[in-house]
Amino acid sequence: MCHRMKSCITNAVSNFFFEYETPRQVLVRSKRVGVVCRLIQLGVLAYIIGWVFIYEKGYQSTDTAVSSVFTKMKGVGYTNVNGEERIWDEADYVFPVQGDSSFVVMTNYIITKEQKIGKCPEHPNSKNSCSSDSDCAAGGTERTGHGKMTGRCLMDSKTCEVLAWCPVEDDSNIPDPALLISAENYTLFIKNSVNFPLYKVRRSNLVEGINMQYIKSCLYDPEKDPLCPIFRLGDLVKMSGYNFSTIAREGGAIGIVIDWTCNLDYAESECCPTYTFHGLYGDAGEKDKARASVGYNFRYTQHYMEDSMEKRNLLKVFGIRFDIIVRSEARKFDIIPTLMAIGSGVGIFGVATVVCDVILLYLLPKRHFYSNMKFKVTELLEEVSLRLLCNVNTLQVFLFIQSKHKGATEAFL
């Protein structure tokens, strides 16, 4: 018994290591099926080479960059409002002044000077209009108001008296043309650094060949000077599709996209940025005057002391908001995605076999013949044993009848 079990185990191990099984294949000589199979395989091959490898770069791994953006404005503006001359430099018209990737350049403003805390009438166009003191609830406020109502209705202005920074702001008339229309000639310097940590590659938009002498004289042009990091504001607005005089009056927003799409299979010096400009809001073509919010504006104050009393100048600033967005993708050859792309492509080749099998087994007139050639049907062991048993019993009956017949014949003779 042990010897037999040992022999069975030895045979099983031997068969496992020294035998090879392969699927049964049937060669079908059919022009229609052959053409269909080759066309499908050709399509799969074109997909793998054209789409996976050439277009999608399936043989490369990818990485996105960690980036930093620094900006600096240059230019001087001049205004003369009611005979009052003023010079504006970058410390006056840029908000914030730290050089962030998102900032505002002031192009127009409304100034309310020498405000101080006191009692004064509300703006006539506000919701605080009144006809009697009962319309001005003491201590109440309006969402669009400027202060706290005192409970008095001032008959000369038909508005409620408020405790506020007086005189209150009147922003109903926006200067046209914009007071700082000269901002069109300001220049913007952008310094951008990116780091692709997977490939240990660091790049800057101050690429090879850009030095101090070049920066002093260059100005960005998409065709003649596409790598210059200095941009004229008027050109930025124009390339975004807007009109500078229109957007300068009430403000707007422009997006600057710095695109780092690099193929690091080539030299690192060929990894350079491209700039695109997009108008976000402030389109001169929008004629709907009933929009809830037009342009871009905000307020800020300049506080000072005069005769031991705190005073301030209030400015409602209209400006162009610039948002600098860095978009990056670096690619480099990697054996792992290459093998994965090849493996998936080989798997897709099986589609041709499936389609051809469907045609052979279900669509062609000789489908039954092809089915018998492709599949070898085997019976279960129980069915085979039962059939053999039936055959044996039939043979025994036949022999018995034959022997009886033979004995009866001999007795008759």
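Heads up, the Cβ atoms here are built off N, Cα and C, so glycines get one too.
T187 (ATP binding site) counts 17 other C-beta atoms within 10 Å of its own C-beta, drawing on all protein chains shown. Annotation source TrEMBL lists ATP binding site at K72, M73, K74, T187, N297, F298, R299, K316.
For C166 (disulfide bond), the number of other Cβ atoms no farther than 10 Å from its own Cβ, over all displayed protein chains, is 17. Per TrEMBL, the feature disulfide bond maps to C120-C166 (among others).
According to TrEMBL, the feature disulfide bond maps to C130-C153 (among others).
Under the heading disulfide bond, TrEMBL lists C136-C160 (among others).
Sequence-distant contacts of C228 (disulfide bond), defined as residues of its own chain at least six apart whose C-beta falls under 8 angstroms from its C-beta, comprise I210, Y214, I215, C218, L219, Y220, D221. The disulfide bond annotation in TrEMBL covers C218-C228 (among others).
What TrEMBL records for C262-C271 (among others) is disulfide bond. Within the same chain, residues at least 6 positions away in sequence whose Cβ sits under 8 Å from that of C262 (disulfide bond) are F196, V201, R203, E270, C271, S328, E329, A330, R331.
Annotation comment: TrEMBL describes N185 as N-linked glycosylation site.
Taken from TrEMBL, the feature transmembrane segment covers 33-54 (among others).
When Cβ-Cβ distances below 8 Å are used as the criterion, the transmembrane segment (339-364) is approached by residues 28, 30, 32-33, 36-37, 40-41, 44-45, 47-48, 52-53, 58-59, 370-371, 374 of the same chain, each at least six residues removed from its ends. Summarising the annotation, TrEMBL assigns transmembrane segment to 339-364 (among others).
Sequence-distant contacts (6 or more apart, same chain, Cβ under 8 Å) of N185 (N-linked glycosylation site) comprise G75, R232, L233, G234. Under 8 Å, Cβ to Cβ, and six or more positions away along its own chain, N297 (ATP binding site) finds E250, G251, K316, V317, F318, G319. There are 21 other CB atoms within 10 A of the CB of C153 (disulfide bond), with all protein chains counted. The separation of C166 (disulfide bond) from K74 (ATP binding site), Cα to Cα, is 35 Å.
Taking the Cα atom of each, C153 (disulfide bond) and C136 (disulfide bond) are about 6 angstrom apart. In the set K72, M73, T187, none of the binding-site residues has a C-alpha within 10 Å of the C-alpha of C120 (disulfide bond). Between the C-alpha atoms of C166 (disulfide bond) and T187 (ATP binding site), the distance comes to 38 Å.
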